[in-house]
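Following: one structure in structure tokens, then a few remarks.
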Amino acid sequence: MSKHSRDQALDFQGFLNDLQDWDHSLKDKDKKMKPQASRNDSSGNEYFKQKKFKEAIDCYSRSIALSPTAVAYANRAMAYLKIKRQEAEDDCTEALNLDDRYIKAYSRRATARKELGKLKESIEDSEFALRLEPQNLEIKKQHAEVKSLLEKKLSGELKSAVQGVQKVGKSGTKVNEHGIRLVSDSTQRTGVAAVEDNHAKETNGEDPVRSSLSVEETDNKSIRTESSTKSQQDRSGADDIRTSGLEKRNHRTRKQELKASVQELASRAASRAMAEAAKKITPPKSAYDFEVLWRGFSGDCTLQACLLKAASPSALPQIFKNALSAPVLVDIIKCVATFFTEEMDLAVKYLENLTKVPRFDMLIMCLSSTDKADLQKIWNETFCNEATSIEYAEILDNLQLKYCLKR
């Protein structure tokens, strides 16, 4: 071996020794830090029991600075909740970044989000916690309470929207209810005036017959006037009925047009929101993050595919750990089928790495007969059809056994 090679080997060995020394020093430091952090946790718990929440927060903060743990973050979050501080939600998120199966962190973040008015997000936290611990009575109660609040809120918003539509559709036309009586009064006054005029003529010595004829003529005129007025009123009444019917039809038409317009606007807004969401998709860090986004994109295969592709196939076991649920597993496989033909290599990698997720075998065994039938159909019609490349056919055959499907 040349001198240069020996020097390089020695340098490399020296580097490895330095790394080992550094690792040992970190472990020693960690051993010293953990007891101090633990003491601060204990002190914080004591202050919390005494309802000295600010002092408890100080202790938990020192513990986190020395040795950050999910428990310390969750404890500080609980203290923040007691004094109505918004930092509670952030601390719970930090706790879940360290341990995404920590039930108390989900429960406390659900409480924090409820206090902040984030009812939908609060329900998502409690639902995910219930998937991890289905029999947890406290979280069941919490979930029911927040769900009830959200339903009341949505009901109020819907009522306000309906009232707004009704106000827009109201007609401003008013009918004069006294029109007929006014005309009748006028006619009566005409008759009275004619009688009074007759009486005056008779008193002045005028011819009674002529006066009588004059009265009769006046009466006839009055009758004709009244008859003409009545005929006009009848025609007016008929016109009013026709106008009223037309207004009602127009009102219904306006409401239908308004409803269609609102639906169209809502559809456009949803489409824009989906497009914006696709641009902002970031790789999920945990099963919770993945499931929340996945459900948000429900019904849109394109966005779900974007979310799945944001996560590297090899990252799936780390993302889901042992928190992958059967419905999500089936949904992912269905999603993979949508881009299998165009991106076969990527699709096969997702199918391979799903089998490496903890508890995969148990999930497959517990699938319902309907889910198994769906997977079998996808496998036969998409993954193992004539268009499948030969280089992937053998891999898919082996995977078929892992997914407990018939060949």
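Backbone N, Cα and C define each Cβ position, glycine as well.
A TrEMBL annotation is a machine prediction, not a hand-curated record.
Copied over from TrEMBL, here are the features:
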- 26-45: region 'Disordered' (REGION)
- 37-70: repeat 'TPR' (REPEAT)
- 103-136: repeat 'TPR' (REPEAT)
- 168-259: region 'Disordered' (REGION)
- 196-209: compositional bias 'Basic and acidic residues' (COMPBIAS)
- 232-248: compositional bias 'Basic and acidic residues' (COMPBIAS)
- 283-372: domain 'RNA-polymerase II-associated protein 3-like C-terminal' (DOMAIN)
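Counting residue by residue with DSSP, the repeat 'TPR' (37-70) contains 28 helix, 0 strand, 6 coil. Beyond the ends of the repeat 'TPR' (37-70), by six or more residues, the same chain brings 30, 76, 78-80, 82-83, 94-96, 98-99, 102, 105 to within a C-beta distance below 8 angstroms of the stretch. Counted with DSSP, the domain 'RNA-polymerase II-associated protein 3-like C-terminal' (283-372) comes out as 62 helix, 0 strand, 28 coil. Summarised as a single figure, the pLDDT of the domain 'RNA-polymerase II-associated protein 3-like C-terminal' (283-372) averages 91. Mapped onto DSSP helix, strand and coil, the repeat 'TPR' (103-136) counts 27 helix, 0 strand, 7 coil.
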